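Listed features, source Swiss-Prot:
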SITE      17  site 'Transition state stabilizer'
ACT_SITE  22  active site, proton acceptor
BINDING   73, 79, 86, 100, 101, 110  substrate binding site
ACT_SITE  99  active site, proton donor
């Protein structure tokens, strides 16, 4: 099985950016832990981060026919990007939306997600463990529907 992990804008600053909200783990720490977890499940995990919407859209397109599922933390694009939503719909790959913080307990503009409507599920608010929960949920979905 092959899963793509996508991280959007400013997530490259994890561990430095607002640690009271996002914690002290770096993106590299999160990716390494999730890669180890995926390997234990015999899953290949590809990780990609970009601050650019078009680069994320391109990477989603490249996943078509190559990946069985996608984990996506689109960062602020979650609340603004119809392009990412349409790319995910276009490739028809099951995906789970993931966030470190509980977006529903934050500013009002973070309460709406353009991605959630088509997602297998949404995991938020558990810090770095959100990624592990999202991977487990996605794998469970993929195995049930294989």
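Note that Cβ sites are derived from N, Cα and C of the backbone, with glycine treated the same way.
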Inset, instruction - May I ask you to report the DSSP-based helix, strand or coil state of residue 101 (substrate binding site)? - result: coil
Inset, instruction - Would you mind reading off the Cα separation of residue 101 (substrate binding site) from residue 17 (site 'Transition state stabilizer'), to the nearest angstrom? - result: 13
Inset, instruction - Look at each of the binding-site residues, 73, 101, and point out the one with the fewest other Cβ atoms around it within 10 Å. - result: 101
Inset, instruction - For each of the recorded positions (17, 79, 99), count the other CB atoms lying within 10 A of its CB, then report the residue with the highest count. - result: 99
Legend entry - Assigned conformation of residue 79 (substrate binding site) - DSSP reduced to three states: helix
Legend entry - binding-site residues compared (86, 100) - highest count of Cβ atoms within 10 Å: 100
Legend entry - Cα proximity to residue 99 (active site, proton donor), best match among recorded positions 17, 73, 79, 86: 73
Legend entry - Integer Cα-Cα distance in angstrom, residue 17 (site 'Transition state stabilizer') to residue 100 (substrate binding site): 12
Inset, instruction - In three-state terms from DSSP, label residue 73 (substrate binding site) for me. - result: strand
